[in-house]
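Notes follow once the structure below has been shown.
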């Protein structure tokens, strides 16, 4: 598998466009992704019980088994908490796009991100879809435009493409994502669209996606919340001509590996672009009694405001790490706990390691931090990623309107 | 019941002192509270699985059934994550104080707050205890000195006293507390010492305390964490001469009401002094399926960084409230949800109430905010209190050393 220059247009027969429809004042705000042929689709959605209208509509499409041929995604308005009108607007977007592109209504997937509780400006959406359909093409620049059009508070555009080989045929996977936190309900977090030209059975695509999301997007946190709009969609249009991938076929592992890589790179890009983030933090747990315990412990650290502010201050304040571990809803023995900061053992036998604090402090001045916790109670572990909590995060989110 | 000017020295036969022992550079850092006669004691401690040495030692005292006659509390060092040496130091403090005051070792309760992972400076503690014992007295000023000596990042001294009548006798309850967050592991959060001259049976005192803490200290959050040192202690020395209060006696309700009032006032004082707090926020949940659901929902809102930053920005961003409700691990129906900000209904039927945002924005400019959520699925509810998340909170916690 190799990383190639590209975006959602890297796989064969995918066209895209990103345009300014007028929802936002100046910036691009509407993306269209189109597959020349209907594509097998799989998706995962937010677990928040308050779901945005497009999520409710899309869930039906995926439940019916797809296929999907077009994706319309807008930024600037989340179409969440918009009542029945929100559902109507999402369905009208599907209908309009389907008629324009000459495809069935159910083959149009819709997504929105932006402010909660304002009605979707349908006239602008229609204008944008029309404009996007008239200029969409398979160039790298068009995929990049789509990646730009879904950004909200994101500082950086996030895209990737990879190439691998299945049954002697080159297949490609491309992806774009927006989000700079696990949640920003006021701006509706994370949207991820992944395309592939692989020939793959729907159920295999679905299980590959679940596995990949489990070890990537579900292993990051910026502020511990989940939005009303979170969506990860993968489309596979079969244009690569490989032997059909099924759950048991030899190509499945190869495809999973590539998809997981794409998800992980995009997930890490979100953390690096975390609102106001100054540090990229990796938290490794080992010696936990179970994977579930490891995850709970890792997220207890990652979501502790005190840990995050210490990281912002480049302070090796391991007391906050130990306390966060003790606060996780899992059984643990303080006497057995070992904590490493950037490779330096700072705590063992429930007491500090002499001289370690100064060494750890020196190593914390950079942009990366690795926190390793050995619970010494079992054989499970996990790795998750998060960012620090800066004064800029507070300013961004206090002033967002 | 009436509030009177006073502190832990308001009840009969309680002396106190607050001195500078040298743990901190300049400020008072050691408090001594002493009852002329052994007092019935009850306490609740942190649920963090990493517990500081004094907490481990005190739990034994309380388990054995008390009594307690002296309390030694220091700030500047938490004696947490200090291994076996920490336990030795806590026990040595008890031993030294007991010998000095001529009381049994087990009647000395110890507490520490401050930095985690540094050994307790025992020579300074001993110097401080000696000094405090030589000057302690029953004046209001001495109680106030004790309240000052346990402060860490607290901006304000927190104390209260109340008087009520049981079986024709006046009884008093006094209390001091330190803490400006539910947790600051690096500085060891919340210590609360309450004194009373009531005659009360130990089990009745214990259940009264649990009930009072449940509706006060357990209903506040600043940053959603619990420290390694959290302790609430109540002592009752029986000097008021009332008819002994038991769980079934007529005076029990009166005592509980007074104790709960003391706890609630001190708990709210912590929130108002929350690190960098600019707003005091009350969150009321009603219509929940159970008390447990109501609490989970309330804390999901109160601990959401996005909600807290919106409050800091005086922004009636109800989307973040709705999303936090949807993220709580309880079943809810978005269609039924009603949200009020300072009395203004802003959301119903999963859609915004027209014109409400502007009204709510006007009412949010002050120092107090009341968020009311009606889940309309049951008959349970709760009220909790929290503060906003400001750039100052981040600066305080990034720079703490």
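Glycine residues also receive a Cβ, built from the backbone N, Cα and C atoms like all the rest.
What TrEMBL records for this protein:
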BINDING   B:152, B:178, B:189, B:275, B:397  substrate binding site
ACT_SITE  B:189  active site, nucleophile
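Reduced to three states, the DSSP call for residue B:397 (substrate binding site) is helix. According to its DSSP assignment, residue B:178 (substrate binding site) is in a strand.
In sequence order, the binding-site residues from B:178, B:275, B:397 that place a Cβ under 8 angstroms from a chain A Cβ are B:397.
Minimal Cβ crowding within 10 Å, among the binding-site residues B:152, B:397, is found at B:152.
On its own chain, residue B:178 (substrate binding site) has B:75, B:113, B:147, B:150, B:151, B:152, B:154, B:158, B:190, B:191, B:192 as residues at least 6 apart in sequence with a Cβ closer than 8 Å to its own Cβ. Every protein chain shown contributes to the tally, and the Cβ of residue B:275 (substrate binding site) ends up with 27 other Cβ atoms within 10 Å.
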